[in-house]
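Record features, source TrEMBL:
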type: COMPBIAS; residues: 634-647; note: compositional bias 'Polar residues'
type: DOMAIN; residues: 53-161; note: domain 'Cadherin'
type: DOMAIN; residues: 162-269; note: domain 'Cadherin'
type: DOMAIN; residues: 315-421; note: domain 'Cadherin'
type: DOMAIN; residues: 429-541; note: domain 'Cadherin'
type: REGION; residues: 634-669; note: region 'Disordered'
type: TRANSMEM; residues: 549-572; note: transmembrane segment
Amino acid sequence: GALLVSERIDREELCGALSPCSLSFEIVVENPLELYSGAVEIQDINDNDPVFPSSQARLEISESVAAGARFPLESAQDPDVGINSLQTYQLSANSHFALDVQTRVDGSKYAELVLEKELDREEQRELNLILTALDGGSPPRSAQVQIHIDVVDANDNVPVFNQSTYKASVRENTPSGTLVARISAYDLDDGPNGDIVYSFSSHTPAKVRELFALDSATGELRVKGQLDYEETKLYEIYLQAKDKGVVPGVAHCKVLVEVVDVNDNTPEVTVTSVYSPVPEDAAPGTVVALLSVTDLDSHDNGLVSDVNDNTPKTSQDSYDVYVLENNVPGIPILNVSATDPDLGRNAHLSYTLLQGDPTVGHIFSINRENGTLYLLTSLDHEDQVEFRMMVQVQDSGSPPLATNVSVSVFVTDLNDNAPTVLYPHPNTTTTTYTDVVAPGTPAGHMVTKVVAVDADAGYNAWISYTLLQATDPSLFSVGLHNGEIVTARQLREDDAPQHTLVILLKDHGEPVLSASATVSISVAEMVKEVLTDLTDVAPANDPRRHVTFYLILAVILVSAAFFITMLSVGIFKCYKWRQSKELFNSSRSTLYRTPGPFHHIDAVRGGLTPPNFYHQVYLTTDSRQSDLLCKKPFTSSPLGSRQSTMRNGEPGPYHQITGTAKQLPTPAE
């Protein structure tokens, strides 16, 4: 009597949407024979997903639609019944639409889109939303459809010019078709609503329409007629841009066209007679006629032409420029300004840096057009303090006129150098400086002095000395400004035999730079004690002792060579002195005789003295004892023999001989 399922049961196939779904049957029982009727109710399970008619829906909504408008959506189908059937819809998040789910009379659900915020096609051309259908199963089944919304354009934007006023200039007598200006407008709408047509405004004068033409598609304004500066100097043209919508939007702009003068008019001379006829006895300066010259052109085109008769004038004759050292390369440091009262090319100025010093061209550069002087490299006050150069300002006339301006660049100092210690030597690894002071030395005695320099200048180079560390701070003091180390009190027997002082050296710059010096002082009676102490302190095996030996040997050899050289020079001097003395004694006995060929200078041949004079010079090794003997003139001197003698023994170039001169007495005296 068991009732079995013979094949798979599908409720949706058997009953569709009918609920409840039941199957009727009859059972026959034999012995005794009986007939029974029965029914089987098929219960629904959530075995079907909701299904949309298509996977994508497309809507077109005008941007002019007001908020609150409703747009029905296609419904999804779910063959399940009861709680397993379609229960609700969900919409993806967005800023314009909301979803309203409605229930029909038969209990089925459908959804509508509700516009909450007005659309703007110029802001967003399209929207993509996702609609989800959910049933009531556990877990629920769902289906999705993509909703694509095209925002249809409405003519809600007027054209806009990129500028309200355009300015242009055009020369008079410009040929027809020359481009004057190009106006441009844009419209955010699409299609005909965004197509722009350019035209003259309705109140544009007919004269302007005759002289100018406007392209309706490109907005190009071109010359159409003959422009004349003498007739109209400025045209004010009003233009408009209009779209092609049903109710077109319109925008307006203004174009100012300046007509540039061309020298197309000759001067006109008008003569007005004042005194005619002119009598022959008219006095000079009598006014005969008045002449007036007019030219319809403007500015330079209407004046008498210029002559380059003015040199450029600078605001000052010289410039002093102060530049901090360590500057950034390429900075401008000066602008040389000049003016020229001439006109046109005669007033066009150019600036040139004259290359007097070759280094100036590598350090400085000047702009040829505006006279700006640039510094090409970084300067160092310690390298060079001052630069002098000449700038030439020249016009473009023919011939050109120029003016020179002197420029002095002073490099001001920065505190970029720390003090340098000269004594004691800062490299204490190779040399030990020890100063000695005797025991019992009174207070105020100068023991040694720290010597230092600062490469900076002025206040930056002032050095102050301070005692930073000391073995006994009460024993020594250092001069603040001179670096002298003096005893602060009298030395006692119980004072330490060795003292090490650390001196701090600071300059007065900003920021302050400093250095330090270490001074060693020994308290001892004799230098021998100090040397003994230093020997004790010195390392046992000094690799530099060989170098010291060779240095001492070199000093001995140099001293010996010097001694031998000096001895040789002394012997040579004595020999020369003896020889000159013998010459002097022999020459005194022959004072009034004709001088020998090698002891006299013939001044006659040189044209320096009259022919009846000659000079005799005596030289010794000591210039203070040299005698210049001048003889009195006499006529009986055998000049011929002296001249021939000089020719035979021609001396070399003449030399200037210095010494004390004294005149010898004449033979009569």
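Cβ atoms are placed via backbone N, Cα and C, with glycine included.
When DSSP labels each residue, the domain 'Cadherin' (162-269) comes out as 10 helix, 48 strand, 50 coil, counted as helix, strand and coil in that order. Looking just at the domain 'Cadherin' (162-269), the mean pLDDT is 91. Helix, strand and coil content of the domain 'Cadherin' (315-421), in residues and according to DSSP, is 8 helix, 50 strand, 49 coil. In terms of DSSP helix, strand and coil, the domain 'Cadherin' (53-161) has 3 helix, 54 strand, 52 coil. In the domain 'Cadherin' (429-541), helix, strand and coil residues by DSSP number 15 helix, 46 strand, 52 coil.
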